[in-house]
Amino acid sequence: MKALIAALLLITLQYSCAVSPTDCSAVEPEAEKALDLINKRRRDGYLFQLLRIADAHLDRVENTTVYYLVLDVQESDCSVLSRKYWNDCEPPDSRRPSEIVIGQCKVIATRHSHESQDLRVIDFNCTTSSVSSALANTKDSPVLIDFFEDTERYRKQANKALEKYKEENDDFASFRVDRIERVARVRGGEGTGYFVDFSVRNCPRHHFPRHPNVFGFCRADLFYDVEALDLESPKNLVINCEVFDPQEHENINGVPPHLGHPFHWGGHERSSTTKPPFKPHGSRDHHHPHKPHEHGPPPPPDERDHSHGPPLPQGPPPLLPMSCSSCQHATFGTNGAQRHSHNNNSSDLHPHKHHSHEQHPHGHHPHAHHPHEHDTHRQHPHGHHPHGHHPHGHHPHGHHPHGHHPHCHDFQDYGPCDPPPHNQGHCCHGHGPPPGHLRRRGPGKGPRPFHCRQIGSVYRLPPLRKGEVLPLPEANFPSFPLPHHKHPLKPDNQPFPQSVSESCPGKFKSGFPQVSMFFTHTFPK
């Protein structure tokens, strides 16, 4: 009996210590693939590019390897709607100001075999922040650049720009502005320029619940006199738009998802090349290589919508709203389809509440002073040293701070065309931002319901100043079942590691080495 007890204790000890640090350079292929899957999962914002693997641990459970990764990232200028591979994003147009936004993501991924193509992302949690103001050096510069946090204030400018584009491109007649992603202002010389990036979506005049989803992305440049106060009438307006074909991002296996299981465009092994933007005969060439929802039963294969508007490719089948209590814990992987566990226990479900990425009104002044648009009541991460947070950003009891919810990413969400029904349940629950960082919702960026537990969250924090470090994302991930795992003495997944691997962090890949100062670990050991 004593021998049996000793054996059981040894087995338990073995599994309790199974999560082990690993070399950051050794897991680089998995980290790159995981970041690609995360980008393809996201609905809003810009593609993350990998700067560095900050930490890496792994756990081997029978034939499955679980990766616990901490990735330092930087936003590119490519919209996530492009579905590009993050390393294929071209450098930004030097004529337009490009905001420098850094971030850190904690990621849990699994691989059942030794093939990297089998990698699945189980969950992720990211924090991002702009460092443009902190890096600005305009002591002798005649040009001042501001990056605004409250982008919703410039929706009128986006609408005006899109209207001009519609006048010259009939195929864009039914498109509307969706989200205002970035707004920059350049002052100096002979005038003032506003540079507005925004996503658009197709909104036909008549409601067709089976209408395919089509999204696009536009960049508008509006120029005014130096002291112009009226932003309604720019002296010059230039806009470039491109549309992304959802058919290119369907299940690459060609197998339609089961009805009732949320299907998402993300999870492809590789991003397909986007088709050229709509360019009707006689229209001007409005594009250059940018870096950058409706619900119902699936339509029959031969069904098409003949409403007014651009000819739309057939996209992923929209879905009927479904009860969260019937959802399964879903993951997404490189086979192009969303994966589901076979555990239907409602306790494994994590209802989320869907919120957009929005911030207080805030502009980044080159001298780190607040322009008139600033909201002085917003909380800042100033003075928060990484060691002042819980290890790896872990919140004590897994609750989020009051008043803040994550942005859950789902292509099957509602946009400006389709306000959610009043009886539509909200099913969003996330991991929470770093403690002490609350953010108020802005106008026009309300909750977007979706069908089921969402994978992954991205939190936009206030801009960093010189000497500050990016707060770490939380790591209170919910439990998930490992595939093909039947061992009764080992939990499904381990808590996210609190220690740092001795073989980490890796080296920075960025062309901006100065951003390294904003991360916890600046130099490799």
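Just so it is clear, glycine is given a Cβ too, placed from its N, Cα and C backbone atoms.
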Disulphide pairing with C504 per Swiss-Prot - partner from C17, C24: C24
Tally of DSSP helical, extended and coil residues in the domain 'Cystatin 1' (19-136): 31 helix, 56 strand, 31 coil
Residue among disulfide-bonded residues C126, C203, C241, C504 with Cα closest to the Cα of C78 (disulfide bond): C241
Whole-number Å value for how far C203 (disulfide bond) lies from C241 (disulfide bond) (Cα to Cα): 16
Neighbour-count leader, CB within 10 A, disulfide-bonded residues: C105, C218, C504: C218
Integer average pLDDT (0 to 100) for the region 'Interaction with ATP5F1A' (41-84): 92
